[in-house]
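Report on the following structure.
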Amino acid sequence: MTRDVSQLFGTDGVRGRANFEPMTVETSVLLGKAIAGVLLEKHAGKHRVVVGKDTRLSGYMFENALIAGLTSMGIETLMLGPIPTPGVAFITRAYRADAGIMISASHNPYRDNGIKIFSSDGFKIGQAVEERIEAMVASKDFGKLPDDHAVGKNKRVKDATGRYIEYAKATFPKGRTLKGLRIVLDCAHGATYRVAPSVFEELDAEVICYGCEPSGCNINAGCGALWPSTIQKAVIEHKADVGIALDGDGDRLIMVDEKGHIVDGDMLLSICASDLKRRQALPDNRVVATVMTNFGVLRYLESLGIQVTISPVGDRHVLQHMLENQAVLGGEQSGHMIFLDYNTTGDGIVSALQVLRIMIESESTLSDLTACIVKSPQALINVPVTKKVPLESLANVQGVLKEVKEVLGDSGRILLRYSGTENICRVMVEGTKKHQVDSLAKTIVDVVEAEIGAGISE
């Protein structure tokens, strides 16, 4: 399938269905050459790029395609194999690599795949670099090819996951263990299926694993951070202390308390922000949240004297606002949490360790830590769409939004936006009465589906 390759990058790298543009082998080879071209523009000479992936079946072909493009331009590549996205960011820094590449479509189904690119400092590349890569791919002008003796070598790094495991454990206080904790862990059959059980078990927790048998086609399938109902049931069944659900590439975290209640990213951010403030480790008493963050959570944080900077949805925007405001903690409802004291991107395993540390140090259950946070009633519905038409151009949609806003008045809010990574329109309604919020959200969903819907919403 062909597509204009002048715009490859979305809100989180390149993403799409495998074997459809832009996620084809042909375009991936060009991307590899373009990444090399950008590095060589900065300075000539030897360069090193690390390449990791999640467990999708298509990961093999994209790994080989990217490496072919990179090595053809004289770049040395290091294959990490299956490893979480934050692991690639960490290894990029640890190996003093010039760039890191993660092959993953994160929480998307197995049929999709994607490419995330990190600079040498472990942060995702910015828009200017993305645009330069796109220009090179479109023009196919990558610079001079090296002589035959100067093409790049490819090596497999055998201890990449071991290094990441040790790094993750090092974020947990020395002298403390997880002894006595029974943890239900769901790795979504994804990139954390080896490293996450090892991290928690080596810290002496009892770990009951779900989603740790990847087939290449079962990543995120009814499991992981997008399907916490799996561990809700398991926590009760196994009488566990806590449940931990990660997504396919390991940068999201959703938890479940000992009573089987879901603790989402908003709640986890509140727990960690409160702890950092108590320890005087929260600069300017500031955290970064998003427009999706529950009003009840915002009120709770403000009651603690914590300032909240609001960013658009997406970990790139959260990180940008963190850097601009010198914040060390930011996160979003979906479970992305960034601890800049530890890593340069969202890290589900490290985030879980911080929550577990707080539980242990405060001698509290997870339900104890959330008891004082009262969330506002909120409905969030994902509507599959056929195309992303500008919402302001849809008269019927704008009409129903106006009607719902009049019903809510000043006591609620509506957020309607397209996903940056999927053909989905997200409908969020928040108010004071749960039944009213659900009903109003359904009213909006019905109109959106009638206008641009592609199937059953969820």
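Just so you know, glycine gets a Cβ as well, placed from its N, Cα and C.
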Out of Ser106, Ser119, Ser393, Ser411, which is the one Swiss-Prot records at the Mg(2+) site of Asp247, Asp249, Asp251?
Ser106
Whole-number Å distance separating the Cα atoms of Ser106 (active site, phosphoserine intermediate) and Asp249 (Mg(2+) binding site) is 5
Residues lining the Mg(2+) site besides Ser106, Asp247, Asp249, Asp251 (CB within 8 A of their CB center) are Asp54, Pro84, Thr85, Ser104, His107, Gly190, Ala191, Ala225, Leu246, Gly248, Gly250, Arg252, Gly346, Gly348
For Asp249 (Mg(2+) binding site), the number of neighbouring Cβ atoms whose distance to its own Cβ is within 10 Å equals 35
